[in-house]
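Asker: Here's the feature list from TrEMBL:
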| type | residues | note |
| --- | --- | --- |
| ACT_SITE | 40 | active site, proton acceptor |
| ACT_SITE | 268 | active site, proton acceptor |
| BINDING | 140, 315 | substrate binding site |
| MOD_RES | 40 | N6-(pyridoxal phosphate)lysine |
Ligand SMILES: *Cc1c(COP(=O)(O)O)cnc(C)c1O
């Protein structure tokens, strides 16, 4: 996608905030527990390679991604740390992963059986590192019973092409006040892990929420995702044990300013009509940038004042009501701090009836990311 370098709409990512979030988390972890930074979906919209660079300098010792291509992109960028693909990769690419020293998630013996001939074709000097996923109640991927896990483990031990590097599960409700279901999942996982002949190098169960609020079950690695970006995994339900620093700011500038009269309409469908003479500013940002159409009626910050988004958000532009005539070029903040006021990704998500994860990773590549340095 073409990046808009000649347009005043951009994301500013604060590397120091990311570093601080990771370092704060690492201080709560025992020495023997590693932190792997979850950087899938372009680092939750923040920029994968830049986030990985910062996470590494903060002390992360590995990385988790969702798909093989993201892992390959990190290898391409020169990173040599362990990388785990959290989703299911087609067994067709088992060899591609093995050659690049990328660890894959496996949730069935059938997968191993299908990958075996791929790994056996031609000379292979490296084993494929595998993490067995246990479905303890998330209902997404993984082994659902001890017998299946045990059989796959046996199969794996019988074939030198594989190496069992990890065992993990994922919780559905670690970010909720009510811990009933969470505890059931913990119990299921503890029971399932007995099925393995020997425990692998990594046993891991924690996303950000688990690591923040249920650290006791962490295992020896945590898959730290959303919190490293300074976002509370629970939204507003639970408070984080230390202050998280949001890393993302989204800014633009007024590119056109005009006065409209009572009755004049704004944007597609002419759904907005001015009640009186009003100053209206146009911002060069729209739903093609990830600023959803449903954000009509929400606001941006200009000179520390909330300005309503009026009329429909267009693909590439949107209009805001200004408190007064303002010059073209005046800064507008869509997410972040402006003149002592703040709009958080959580605020945007609340208005759009979704979660901040979705808002962040929907920000498209058309919006260039710029980076504030971390302190050394
Ligand atoms: C995305 C993901 C994570 C990270 O979750 P956060 O809530 O962002 O910390 C961890 N584990 C798995 C399996 C995931 O898919």
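Backbone N, Cα and C atoms are what each Cβ position is placed from, and that goes for glycine too.
Help me picture these features in the structure, burial and contacts included.
Answerer: Taking a C-beta cut-off of under 8 Å and a sequence gap of six or more, residue 40 (active site, proton acceptor) has these contacts in its own chain: 64, 65, 66, 67, 70, 86, 225.
Around residue 268 (active site, proton acceptor), a 10 Å sphere centred on its CB holds 12 further CB atoms from the protein chains shown.
In this structure, residue 315 (substrate binding site) belongs to neither helix nor strand by DSSP; it is coil.
Taken residue by residue with DSSP, residue 40 (active site, proton acceptor) is part of a helix.
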Asker: Given a separation of at least six residues and a C-beta threshold under 8 Å, show me what packs close to residue 140 (substrate binding site) in the same chain.
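Answerer: Spatial neighbours, sequence-distant, of residue 140 (substrate binding site): 170.
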Asker: Counting only residues 6+ away in sequence within the same chain, which have a CB under 8 Å from the CB of residue 315 (substrate binding site)?
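Answerer: Within the chain, residue 315 (substrate binding site) has Cβ neighbours under 8 Å at 286, 287, 288.
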